[in-house]
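Enquirer: After the structure tokens below, expect a handful of questions from me.
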């Protein structure tokens with residue numbers, strides 16, 4: 001992770017800010033679709049700041065520059081930012097949010113600018129309120145992105161790859177039925193239409209997949225659904241004959257950028273046809289529906305705040321609850337993926353103990369090669385985190401060829417990796433040691449394991465959120481005065497984004513807003529990290545399911561989790577004396593299941609089979 005000298009980039013940006021009469025310029029991480037992971041052409045915050053993590057916001061004034069990010073990236077940002085930047089460690093006491101930092105800079109009538117396509121309408125409204133409260137002139141939505149001008153000819157070109165049709169044997173539901181569910185929402189809201197801007201929602205809605213963003217099987221597009229019609233805004237060259245036939249007459253195809261002009265016209269026509277109402281009255285319905293992830297630019301094109309209703313996308317919630325086909329696919333692909341990880345760990349241990357020199361990237365490449373032989377493999381689901389020793393303490397570490405460490409068999413090794421398959425998406429983290437771990441490493445690992453088991457074993461009534469369950473995974477670390485600076489669990493898509501909302505398990509307040517429901521797949525990944533020394537994380541994917549209980553207080557269903565990931569824990573790192581009988585029983589039961597479901601993959605691989613037998617032997 002090298003530091004980039006951003007001096008000349010900032011100087012050029014400040015010139016452009018003076019041209020646009022902007023005193024403060026905001027550079028979010030997201031693209032025009034609020035994507036967490038973006039294509040290279042949209043990595044504007046990384047370009048201007050040098051910080052390459054997936055989350056954060058850069059703010060530049062004529063005198064200062066600040067980068068705000070969360071606890072996953074404190075270590076990485078400190079390494080990558082040069083002396084031009086102030087690091088705002090989000091969530092720590094007395095550290096302002098990026099919105100608060102912006103407001104601190106505007107006293108005396110200063111203005112703030114942002115590309116209106118990369119900030120949501122709700123974010124823009126909240127930011128403008130803060131700005132005006134502090135004496136600023138307001139928030140300007142600038143049509144041309146200033147970072148793109150600074151970047152110039154060196155900016156990567158935007159991908160425009162063909163899309164593929166996802167067969168119903170993997171999707172489990174025809175896309176017209178999904179559209180009809182949206183139309184019922186329009187009918188309930190008396191709305192003239194819904195704008196779909198999130199790329200994974202569009203891919204899921206139409207049973208299409210793409211490769212425009214690395215590791216995320218999505219494609220650049222927008223969609224608009226009215227009571228009478230459905231329009232997909234996409235470069236027509238991305239659609240082959242099969243895709244066109246798949247969409248048929250049910251979907252109108254328009255160019256990608258045409259959505260802005262078309263919805264402006266639709267909004268004007270709709271408004272002209274509405275009856276006059278008395279000033280100050282409020283009509284029920286009659287507003288365009290946009291999700292809380294829709295850009296400020298799209299919201300303004302529809303007529304702004306008075307013409308739209310911001311909702312949590314009905315597609316987001318429906319997509320999160322997998323149908324029977326998706327559930328079975330997710331389970332099957334995790335078994336295949338688990339076998340690939342077992343083969344990899346057995347190979348890696350054998351090579352290291354024989355004295356081989358293997359660096360973090362070489363190891364990650366080997367894992368990808370093993371995975372690629374699996375049925376329905378379509379690629380990785382994110383950059384593999386292959387990290388040895390101190391690098392394992394960098395929560396989202398990304399090894400780079402020529403600038404990474406050789407794996408030390410005498411140190412902790414953390415591997416967080418996942419893959420995309422036609423029938424599902426995987427994400428697994430295992431922490432291993434190939435030598436003799438220290439007492440602190442074993443204790444830390446066992447405390448993390450105890451938290452993972454506690455969450456996996458939870459039973460809870462309908463209506464419970466991941467916010468309420470988070471403490472189960474942290475309790476044993478907390479008892480020792482330890483913790484970790486990331487969420488405990490995120491939703492996982494089905495051959496879609498590895499991070500999927502709107503639910504999760506963690507301390508973020510939004511996780512209290514959506515209850516866990518049967519059919520949701522979520523990660524269970526507590527950890528512990530000592531900067532400069534080691535890092536530990538254990539991650540399984542689990543599925544929410546209904547369970548039977550002896551009683552039924554409140555006449556509500558009760559839910560629990562089904563284990564999906566099938567990879568052994570590291571026996572060498574477990575302090576058995578810290579486990580309760582119930583935890584030992586859980587571990588033995590899990591390992592028995594792992595062996596039963598994966599040993600058949602190793603009929604001709606004695607190395608992997610022997611490793612699997614050793615790691616799953618009851619304790």
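Counting starts with 1 at the first residue shown.
Using the three backbone atoms N, Cα and C, a Cβ is placed for every residue, glycine included.
OK, TrEMBL features for this one:
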{"type": "DOMAIN", "residues": "9-132", "note": "domain 'Creatinase N-terminal'"}
{"type": "DOMAIN", "residues": "328-546", "note": "domain 'Peptidase M24'"}
{"type": "DOMAIN", "residues": "557-619", "note": "domain 'Peptidase M24 C-terminal'"}
Enquirer: Across the domain 'Creatinase N-terminal' (9-132), what are the DSSP residue counts per state (helix, strand, coil)?
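Expert: Secondary-structure breakdown of the domain 'Creatinase N-terminal' (9-132): 49 helix, 25 strand, 50 coil.
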Enquirer: Where DSSP helix means H, G or I and strand means E or B, what are the helix, strand and coil counts for the domain 'Peptidase M24 C-terminal' (557-619)?
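Expert: Residue counts in helix, strand and coil order: 39 helix, 6 strand, 18 coil.
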Enquirer: Can you give me the average pLDDT across the domain 'Peptidase M24' (328-546), rounded to a whole number?
Expert: 97
